[in-house]
Amino acid sequence: MTPIQKTATVGGKEVLLETGKVAKQAHGSVWVRLGDSIVLVTAVSAAEKKEGIDFFPLTVDYQEKLFAAGRVPGSFFRREGRPTEKETLTSRLVDRSCRPLFAEGYSNETQVIATVISFDQENDTDVLALTGASAALHISDIPFGGPIAGVRVARVGGQLVANPTLAQRADADLDVVMAASRDAIVMVEGGAQEVSEAVMIEALLFGQAAVQPLLDAQDALRAATGNKPRRAFDPPKNDVELRAKVKALTWEKVKEAYGRDEKHDRYGRLSEIKKELLQALKEEAAGDAAKLATIALREKEIKGYYEDVKYDYMRKMITDERRRIGGRGMADIRKITCEVGLLPRVHGSSLFTRGETQALVATTLGTAEDEQRVEMLTGMVFKKFMLHYNFPPFSVGEVKFLRSPGRREIGHGALAERALRAVMPPEDQFPYTVRVVSDIMESNGSSSMASVCGGCLSLMDAGVPIKAPVAGIAMGLIKEGEKIAILSDILGDEDHLGDMDFKVCGTAAGITSIQMDIKIGGVTREILEQALSQAAEGRKHILGEMAKALSAPRGSISAYAPRITTIKIRPERIKDIIGPGGKTIKDITARTGTSINIEDDGSVSIASPNQDKVEEAIKMIRGLTQEAEVGRIYMGTVRKIAEFGAFVEIFPGTDGLIHISELSDKRVKSVSDVLSEGEEVMVKVISVDRSGKIRLSRKEALADSAKKSEGTEPPKGEPAK
């Protein structure tokens, strides 16, 4: 196959799509290039459907090869290891964007692999993977309803930029990744520095317009590869008569069940209705072996029709009756309770409860040694703020093995972390490494938003001087023709059966984090404006409830948290603190029980829960790094006697020479007539040459001391007064 190339211009830069050059045995293979960043994306789908499942078995893997940036992995085996957080989050971005677009009922295992094979340190590769995934699927025979395309939108200096460079992103106050089709925004993920709802909407619409050339390029690429027909598959069965019977047997019962407020009570009743449905159908067919056998064979189909009844009823209840599960109105938020400081030995803690969703959140303050070190294409990255989200099985009344965090947990944690990072104090004002852990105690929707609220309270309880409190809310959408309902603080059912999951986090002043997944086309600007406006009102209500527990950061950190003091020394004196083989710094930390971190610029951070120990360590460091000052008088110790003078240590590690002529104002025949080794002596620094050699004078020190009738002898190693 001859390689085929198509190009599109996005944000003034050319994006290249190429197929037919590599990975030709994949069902779809596209090479995406922006600048010198290149991502290879492949799509493959199994020939046969996977039996016994009720979901689409799609796997998306995004991987960054360190050779792409000319780097060798730092692991023991010098190979890439488990996926990084960036790889996991990008895999989720692609999955969330593409999954809703596959044909309903298609159940063949499908895998999309995006591999970064070149990185130019300017153009990020996540949006290339997103566009490449759509293109690879679009040119294949896999039943995919694309194309879509990905773009990053940033606001730099008040101007919106499509696919900004890494340098531009560093100066941006808004940074979102989004996927869009011809007529709809499909997915949004990003953060901001308290921007307004109007700015966010403009950014999203700007991004949707920016991807249109990429959609044209994908269509052109598909046409150039022969418009391969989509493969045939068995669509979902639709027995109109059986569907009507299922509805007749369950509609009123489902109506009663959805009137129950408590989640497990409601779920239990809905499960009972399903059993009653199957039993009723079997009783109706009693005595007819063929019909009974048919019911057994079609049980999965019958359950599917029952799920449709639940779907139809809940949506009708919302759009027609303007009533939600539990009787709430469209903008109503569940009851909120907040508690802080409930874990006595933890640096900061909170318990945030909203309806049947609850998060127990703890904050830990650490030192520079606790920073997370992450190897990325851009180099080694150090994270001083982390938020980890955990979703144990008991939170939803289930029994499962406890395993390491999955993609969902990592994604929810990243969303909450981004929401709070925007209000964290700068490092020079608060030099701590901060770890927030959110453990979900119970869940019925919006647990990630509970983590944001609980995380904020926990940070304030820990005394972290955040700029402003942050809250999060999950919004939903039900759209039936012209009937539209926008829901605040959605439940799990409303998320599952709705058309949009829109999470918005921020302060009273503006948005700090956003995540949106839309399952339908045609979400208009008006819908986005109403959703964001309703979210802002809900956010302010939640902030008010949080303020009842704690309205501002505590004035001091926990007694159990380390106290960190930072001092500055000359960089060339760093070696004096470290000592040969680290001997000196190890001695200081052992004697004081402190943790010491030294930066290349001479910043020295000393940490300990005991402030007295911090001061002790600072005194020792000052003693090692202080500089001799010309004209100052010191008490020193004679370390060596020579014919021409004496070497005196004026403070630890620093010696100077008293020439024999500077011992006394009288003639001295022998140095040993005046001084002896180990003797303490008052000396004055009379010069320091370019090489750092110090000249001392005993006679000038004595003369100066005699002139000061109120003078006192200075302590050893310190200037005289």
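Glycine is treated like the rest: Cβ placed from N, Cα and C.
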For this session: Check each of the ranges 78-100, 699-721 against Swiss-Prot and return the one annotated as region 'Disordered'.
Result: 699-721
Exercise. By DSSP, how many residues in the domain 'KH' (562-621) are helix, how many strand, and how many coil?
Worked result: 32 helix, 16 strand, 12 coil
Seminar exercise, completed: Counting other C-beta atoms within 10 angstroms, the emptiest spot among the binding-site residues Asp495, Asp501 is Asp495
For this session: Tell me whether Asp501 (Mg(2+) binding site) sits in a helix, a strand or coil according to DSSP.
Result: strand
Exercise. For the domain 'S1 motif' (631-699), DSSP counts of helix, strand and coil?
Worked result: 8 helix, 36 strand, 25 coil
